[in-house]
Amino acid sequence: SGPWMCYPGQAFQVPALRGCRPVLNLQCNGSKVPEAVLRDCCQQLADISEWCRCGALYSMLDSMYKEHGMQEGQAGTGAFPHCRREVVKLTAASITAVCRLPIVVDASGDGAYVCKDVAAYPDA
């Protein structure tokens, strides 16, 4: 396993993480996330290689914005009306930590629990 298996066109297909969408919406609205909903999200993330978890979260966030007609760099938070973009990104980046699932942050194999890539992505 390694970072190369997470890129489009490789054998790995980025899952939609449908179970994590409600977690993001509930957290951004300040609502308590039901244990069953969190468990579903964490299970979906656990099934993904620790090399690819952040990419999958980024892809989920990007698709949620696109579904609401948001284009890259466009102002507004149509997908999350009660949540600033910075909060949405940080919330998505921390889902791996909430699930206590390790991620690999760089090619050296160094690990972490919070996705820097998602939090740093300017247009998500």
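The backbone N, Cα and C atoms fix where each Cβ goes, and this holds for glycine too.
Computed from a predicted structure; not experimentally measured.
Summarising the annotation, TrEMBL assigns disulfide bond to Cys6-Cys52 (among others).
Around the Cβ of Cys20 (disulfide bond), the same chain contributes Cys41, Gln44, Leu45, Leu57, Met60, Ile95, each under 8 angstroms and 6 or more positions distant in sequence. The disulfide bond annotation in TrEMBL covers Cys20-Cys41 (among others).
Take the CB of Cys28 (disulfide bond) and look out to 10 A: across all protein chains shown you find 20 other CB atoms. If you look up TrEMBL, you'll see Cys28-Cys83 (among others) marked as disulfide bond.
Among the features that TrEMBL reports, disulfide bond is placed at Cys42-Cys99 (among others). Contacts of Cys99 (disulfide bond) defined by a Cβ separation under 8 A and a same-chain sequence distance of 6+ are given as Leu38, Cys41, Cys42, Leu45, Ala46, in order along the sequence.
Neighbour density for Cys54 (disulfide bond): within 10 A of its CB lie 26 other CB atoms from the protein chains shown. Look at TrEMBL and you will find Cys54-Cys115 (among others) tagged as disulfide bond.
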Between Cys28 (disulfide bond) and Cys52 (disulfide bond), the C-alpha gap once rounded to whole angstrom:
23
Inside 10 Å of the Cβ of Cys42 (disulfide bond), count up the other Cβ atoms and send me the figure.
19
Could you tell me the C-alpha distance between Cys83 (disulfide bond) and Cys54 (disulfide bond) in angstrom, no decimals?
21
Within 10 Å of the Cβ of Cys115 (disulfide bond), how many other Cβ atoms are there?
25
So which one is it: of the disulfide-bonded residues Cys52, Cys83, which has the fewest other Cβ atoms within 10 Å?
Cys83
